[in-house]
Amino acid sequence: MEDYIILSKCGQGTYGSVFKGIHKITHSLVALKRVTDIAQEDGEPVEVKYLNQLKNLSNIVNLRDHFYIDKNSVLVLIMEFIEGDLWKIMSNPQCTLSLGQIKNFTKQLLEGVKQCHVNGIMHRDIKPANLLITTNGVLKLTDFGLSTSYSKRSEKFLSSNVVSLYYRPPELLLGSCIYGPEIDMWSVGCILMEMINNSYLFAGADETAQLDLIFKLFGCPTEKSWPGVSSLPGYNDLFNKQQQQQQNENNYSKQHNNNNNNNNNNNNNNNNNNNNNNNNNNNNNNKYNNISTSCLQSPSSSPPIGGYASSLSSDFNSNEYNGYNQTFSNEDCLAISQKKLIDKFPHLVLLPSVLDLASKMLTLDPKKRINSLEALEHPWFKSSNDMDQIVPFSKDFTDLANRYIASTRQLQQQQHHHQQQQQQQQQQQQQQQPHQQQLIQRQHQEQQQQQLIQRQQEQSKQQLIQHHQQSVNQQQLAQQQQLAQHQQYNSQQHQQHHQQQHQQHQQHQQQQQQQQQQQQQQQQQQQQQQQQQQQQQQQYHQHQQQYHQYQQQYHQPSQQQQQQQQQQQQQQQQQQQQQQQQQQQQQQQQQQQQQQQQQQHQYQPPQQYNHQPPQHQHQHQHQHQHQHQHQHQPQPQHQHQPQPQPQPTPTPTPTSTPTTTTIPPTITTTIQPTISKSNG
């Protein structure tokens, strides 16, 4: 509200008020509508919902914005400002609408109604005050507070307390809760007649008076003229109460006549007069016998409408208004409606197109009522001769109209007389041909018997078919059960086989893991042995070094001994080379065997998996480790070291046992004197 300045108040309604305002930034005029009773549908205000659906249409008012004030208790709608409306124009005594203006406004009104109905929306409150007219003569529909959506002949219950009373159709006045967009077309017809006559078409003080005016003009509806009217709650309540009142009056008059006959035996003339008067009263009371008494129970959601019978006019059911007691087609009903309108408004004789369109929109039966698309295609909107013609209201015109009405009534009387003659001829023919009726009855009975026989045969056939279908269904069920059992058995066997293969595979993996652990243990043992051998070799080299030192100090080896030692060393080297070659060959063989084992131990599919324990190659591995020890043994080189003369040097053996060095006794004897000499 801070962006708008309120200039003046335009109007006040049941659910809020409308103000004229101006936008502070754009300086454009707007209409601000304050709504206190906010009706919502699908979590959104009704008027906002449907105005957004009908946005930017030519004959619908444009909604610019909306917001809440006073703690969301008041809804404010910002719409385009249009100062004039149709009610202000018609209520001005100095303003007289031409026939061209009436046609223009009616066409624009039908365009707006069509835009609503095409989008699945019923306005439910069409009246002149809700038809805004711009300075350019554009008519726009406004006030969608009572609008609702509908499906094609929706079966949901709706409120019957909608549409302003003067423009409310008869089905809503009779309490119907199932209706469609045809209720808007009745309102358009009332507005058209109001513009033509410059006065309200039906201006009842309440719902009862409104029904009275409608039925006075168009006659009392029956099941023949309006199928389904007797099921409306207001219809039953209306006519049943009237019949009860007439029966009570008849009973009272009969009792009164009996008392007069018993008490006034001497006054025969008076009694005869009283009886004649009572008979006349009874004849007058019989005018309600033409009203249909059949009724259906009304829906529980629609409240009954009461109080019609007590306030309807006395000539409500007179013969003058009972024009629908016979069976008529849609064209006959339109002709009767046109006649009734001409009787009340004689100047419509000179406006046949207007009369035709109005009678099609003001049909009592809503299913026979014209829709907005059909109304826009009416010939009245295609002609342009009456654009500037003023609606006639002169006395000469009324005389001409009365003459036309008298001539039409004479024609109707002649037609009625002709129909009576035809009925009499038909009755005579029926009396002359009693035998034909009997034959027809017999044929009818035979046809009924044949139909019964055919029904029995059809029933027997259906029973046989059902029995056959049951047997077929049972067989199919049995086959399905067998298939299911077979599938279960196959699945169980497959699962068992798969489990067995899985267990075998797990066992094989466990065995492989155990073998790998054993191999690791063997490798660790071999490593330990290799370490021990290396230690022994180191000790051996230390002893040899000590021994050579002793030899260098106390002896000079001979050349022959040196040559022998060299030969021995060469032989040892040759032996070591041969051993290395053998070890390489054994390693190659072991690698080939390991590759073969890996190929054999690869995982195969469960269906063709055959477990074969691997071949243990413990001996070959042991040999391989033993050869590996020989490869890593260091070879002593004694080319430039002195050798002892009497004894050969001890050589390292390729066994796993540790070697020990022995010193010859000659060396010990030589060492001792030297020590003693040095001591001395």
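Including glycine, each Cβ sits where the backbone N, Cα and C put it.
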Query: In Swiss-Prot, which of 409-444, 553-588 is tagged region 'Disordered'?
result: 409-444
Message: I'd like the number of other C-beta atoms within 10 A of the C-beta of Cys10 (ATP binding site), please.
response: 17
Field: Local confidence of the prediction over the domain 'Protein kinase' (4-381), expressed as mean pLDDT
entry: 78
Message: I want to verify one value. Collapsing DSSP to three states, which class is Asp125 (active site, proton acceptor)?
response: coil
Message: Validating a neighbour-count step here. Other CB atoms within 10 A of the CB of Val18 (ATP binding site): how many?
response: 19
- request: Across all the protein chains here, work out how many other Cβ atoms are within 10 Å of the Cβ of Asp125 (active site, proton acceptor).
  value: 21
- prompt: Can you count helix, strand and coil residues in the region 'Disordered' (483-507) using DSSP?
  reply: 25 helix, 0 strand, 0 coil
Neighbour tally for Gln12 (ATP binding site), based on other Cβ positions within 10 Å of its Cβ: 8
Message: What's the number of neighbouring CB atoms sitting within 10 A of the CB on Gly16 (ATP binding site)?
response: 19
